[in-house]
Each structure stands twice: as structure tokens, then as C-alpha cells.
């Protein structure tokens, strides 16, 4: 019996190739979008969810509240707090401090020849080497391949490696044979391997590979990282709570410890608190965060978009299936007279729906990898499509089942209730009573389409604004060169002089941060004398060429002079206003106190954006402190910017850099590219909205095409009569198009407040933003109407040109 159902379904689908193809394409796009978004969102939501007892594992955070009203959130804590927690909080089962250690690794071989490695992790934003306390392995579970978990980090000069890192250093050897082998970090820290653990296979933000014992630092240059000073924050800390202990109880204990041990400071108040390990991946508000974070609202927005896209595909299928049902009235009448039950007819259509869904699924699976490749610049590197992975397979099967049921039930029921007598005349459609539903679905589809169109316009305009607005400094043809963090400053100065001799180089400056680095240092200054309150001010450090290289406009005073330590300040206009001054010249000679020592203001520059447009311009001071400056900034000459000369200039820069820092990895970036990274999340949002807009519009057009077929079939006789009475093709086309244009305009009315609300919320992320204007809605409406007219024109004109004799034959 089922074999006959499948044969019949195949013949019907093959006979209606155009409708079948449209249905398959619409559903394929919806299913493909769902799979792709499932992979991306599932990847982001999976980070650090695999740990045993994950609900009891937390990262210790520090919030510094300053007297001026601002605050910093950090993932670093004073090491003194770790020792105090271990002593005094019984609800903590284990706590461990770690220090991220960016090191050059040397591995001596049997011939005493050293092989050099970098400690960074491919695809990660942080080094793989950490200094860790023994309790670390009581918090996080590893499978031990060699060594003893209880004792591996108890002794100084010991290191535990992951298997992948051990194989990188020593090749594919037995883990047990590596115990006792020596590794050298930064040419002087010699340690022996005391354990090998298996790498975590799941997604994590803590994929460390080298674990050096904490006791090692007591006799090495790393001791300063674990300084017994509440003002020194360079370590991170993780805790595992005892069963039954909640984070609120521990947070209260933290407050008591800070009150008891932290030095009293009226200008800053420390607050320690716990952050769940599963939430770390979404915490983007951490100062100097070494972890790549995801935006949880964007992830949820993507999931919502996937649901809407699939819903649109299902609506499209229902509309087109309902339209096709008009052509099958006689078939339904014959089936009922021959004894088919309603259940049999519904089953027949559900099998047809299953076949369409099956072919749509095959097409969707073929599209997933090309779609991921097309968007690889905007999605995390770890997102991959593995069809046979259990969770992925279950998701795909669920989507297929949902699609079959929701797409098939309503049209199947519609076909099953046709009247046999009227069906044999070809007019037995009871669907007219549901005409309002089909209109409502079209309005819903175009409402969603218009929301996305308006969203695309707003995002495009805002990003164009960010690219076009003056920043207050130059960005063109500037190359940022990090130098060796271990080399003395005088080497960087020598390199700067060498780079100036390169023909394609115009100017060289040393700096700590670029003007719009997205990060800066902060300095606590007293603005109103020795008894004033300290105010934290963003600080940029650059040499005497810094202002000139970036083309900052000096409003009063002079540039910074060569110096070997802090001697003077240049401030911006906003800082000027903070001092209560109006004219830039009034600030020259005013004293700012740092650590109760006065230093003069020698210059005032025009305001510039030191952060992205998401943040307001703040008071900024610029100083010349060479020991803080670890990057060189190279301004290319006009001749060096040309495509042919640029490659030569960069090669000469690299040659000089490598000669100064042999064995180090040469790296550089263009300043304008660094600025673009500040809006990486926004560009990703724009790309995703554009893709979703295209898919939504396409699926909506398919639904509209289906409804056009339905309408022209219902009004076939009316069209014939109008033609007999002299109506032209244009008159009939306008008549058929008018109703759909009204539906699109109705959708615009519904979509406008929704789109305005959503995009205004998005724009609130920017301090410097565009205004949402009426023309964006008008243009979106025009685009939607044009798209609708193009979609329905083919079928409308075809119906208008039909021979009226043929149209009236059934009357």
C-alpha cells in the first residue's frame, strides 16, 4: 500500500516540476540556514560546558570601583587574595592561581642542539604556557597519560605538558619516556617534565598546554607575577566550590577578606566575585581580556533568525501547496468516489510533503559547507559541519520531522475535505474561507522582510558613518611593529634610526598604544592640588614624534620633548574642560599630580577618538615614558605607499627588524586594519543581516508567487468575462497586482515600528550614531513593492493574456 502511495506521490511531483522545484528550493534554504546557524550558535554555546562539576567551577573576577565613578572589570586578582581564600573560606573545595606566561621555548635534543618553539596556541588569543598551583588539577579534570596528578606540580622546576604539546616538542614518542626530560623557557628557566595529560577534545577558552609549577617562581624572575601585594594584579584564579555551596555565600566571604586584608584606599574599592566557567566565553567587558568572547545577544538573535527563516519556508510551502490544490480538485473527487478516505488522502499528501522535504534536505546538506566557506571571515574558526556527529544528526532529523508535519498537515487537511460533487466540476475548493489566513501569511512574510531590509539600511548607514567620520588623527599608510618584550629599550631606539634610513619610510615613532587601539593605560591623577581626589585618566605613551606622525592638531603649547621618564603632559580638549578651563592656552603650565608629584601640562591637542564610536571621547593625557613604549610606528612615505614599492619597503623593514631581534617572530599590522577590528562585531552583524535579508526576501517571494497562482486560478472566470467586456492586459494585470501591493503596504505599516524599535536598540550601542530617518522606511517600502511586482508580474500577465474562451469553458 505504501509503495503505491510513494509511486503516486512521485508521479504528481514529477508532473508539477516547477512547483516541486520551488518548494524544494524554499525548504532547502530554510533548512540550510537552520543547520548553519545551529552549528555556529552550538559552537559558541558549547564552550567549557563539558567539565565534570561545571556548575561548581568559577573564575574569580575583580571589579575596581573608583572615586570618580568609573570602574574596571578584570579577570585578574591580587595573588594575596588567593592565599587568603584558601585559608579562610571553608566553602571553597579548591582554588588555584595561574599566570599566563608568553615564553620562547627551547628543547635540547640528544646532541645538545636546541629546537625553538613559540608558546602560543594556534587559533587562541593567549599563550599556552601558564604557571599554575597544584590545585589546578583538582579543579579541572584531565586524563593522565604519565606522571602523578597529586605530586606533578608539588616541586619546583617541574612542568606538565598536554600530549599535543609533548608531541610538538619531542615527536611521536611514548609519554612515559618523556618524564624527566628538560625544557627551557626564555633561555634561562630550566624545568623537567613531571606529567603528560591528554588534551581536552571539547571547546574551551582555557586550552593551556604547558603547566609550570608555582613553586618554581620563588627562585626565578617570575616571582614578581605572584607578588604579595594587594595592588598587584597579574594572576588569574579559579575555584571549585564544595557541594551545596553557592556563589553568593563565597562572594560575601570575598567581601570580608577584602575588608580585612586589602589596604584602605579612599580612591578605589575592590570587589571580588565569582563568574561561572560556562559564562566566561560571553563576558566581553573584561579589561585586557585574553579570551575571544562571543556576543550572547547576537547568538540568540541568530537562533531567532533561523526560527523565522524556517517558519517563512513553511509558510511558503503551505501557500504554494494550497494554490496547487486548485488543480487537484478533480483528482480528489475521483479518489473519494473510488472509496478513498480522508485519512488516505491526507496520508498521500503527507508522503508528497515527505519526498519534497527529503530532496530539500539533500540540497540543504550540499549547501551547508559552501555557505560556511562564504562566511568564514565572520564565523569562528572551529565551526565545522560533521553530518554523522550525534547532536548534529539528531538536530537534522528533528528539523526534517518538524518540516514534514508543519508543512504538510494544513494542505493535507484542505485537500481531504473537498466536496466530491463540486470537485468533479473543478470548483470544489473550500479554501476561500481561509483567504484571510493566506493574506495574513503574506503580510507576515513581508513584515519580516521589511524589518530585515530596514535593518540592513540602518547598519550600512551606521558603518558608513564610522568609516567617514573624522577621527582626529591620520590612519593612512601607518604600520605598527611590535618589538621584542625582552630586549632593552635602546635596541628599539637603534632599530627606529635604521628604519628612518629606508627610502619608503617617512617617519618613525615609539609608542605604547596607538591613538585608537581599543585599549589604553590608566593613570591616577590629582587635578586640584595635593588634597584633591584622584581621577583615573586614560593615558597614551609616545615619544616626541608621536603627535606629528599621527597628525594630531596642537591647539596650544608644544609637543613632548625627548625624555627618559615622566616629565610632562599633553592633554586633549575634553581634559581641558574637566579642568574647568575654556581656552587651550589657559592649561599651559597647569600642574597635574601623579603620586603626589607635580608635572606640567605643556600642550593641548584637539579631541580625537581613542576608542571606537561605541564610547564617548574621554579626557586623555599623552606622556613620553620610554620604558612603557614597546611598539614602533612607521609612517610610509608617498613613494613607499605605491603597490610596487610597498612590498619592497616592508621587506626592508622586516630585514632590519630580524637583524635586531634574531630568533623572534616578525609581525606587523596596518593601523587602519586595527581600527576596522574595533567594529568587527558590527561588520559581522551587517554580513549576517544581509544574508538573512536575502534569504527572507527570496522565500517571501516564493510564497507570494504561490499566492499569485492561487489568486489567478480563483479568478479565472472573472478574468475571462472582463476580457470579453473589453478589459486590456494592462487593466487585468493592475487588477491582480493591486491586492498584493496593498498587502505589502500593510506589511510596511506593521514592520515600521518594529524595525525602528529594534534598530534604535542596536544604535544605542554607539555614542556617535546616525538618526533613523523616514526615507529608510520609504526606500524599504519601495524596494519591497518592486520586488513584489516583479514576483507577481509573470503570473499576472500570463493570466491576463489567456484566451477568454478557455477561461470560461468550465462555467
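Glycine too: its Cβ is placed from the backbone N, Cα and C atoms.
Listed ranges 1-20, 21-40; the one TrEMBL annotates as transmembrane segment is 21-40.
Given the ranges 246-271, 272-297, 298-323, the record in TrEMBL names 298-323 as transmembrane segment. Residue ranges 661-682, 771-792 are listed, and TrEMBL annotates 771-792 among them as transmembrane segment. Contacts between the transmembrane segment (298-323) and the transmembrane segment (392-410): present, as 3 or more C-beta pairs lie under 8 angstroms, all at sequence separation of six or more. Counting same-chain residues at least six beyond the ends of the transmembrane segment (771-792), those with a Cβ under 8 angstroms from any Cβ of the stretch are 446, 449-450, 453-454, 457-458, 461, 697, 701, 704-705, 708, 736-737, 740-741, 744-745, 747-748, 751-752, 755-756, 759-760, 763. Confidence over the domain 'ABC3 transporter permease C-terminal' (691-804), given as mean pLDDT on the 0 to 100 scale, stands at 83. Against the transmembrane segment (441-459), the recorded stretches 344-372, 392-410, 740-759 differ in Cβ pairs under 8 Å, and the greatest number is found for 740-759.
Helix, strand and coil residue tallies for the domain 'ABC3 transporter permease C-terminal' (691-804), in that order: 96 helix, 0 strand, 18 coil [DSSP].
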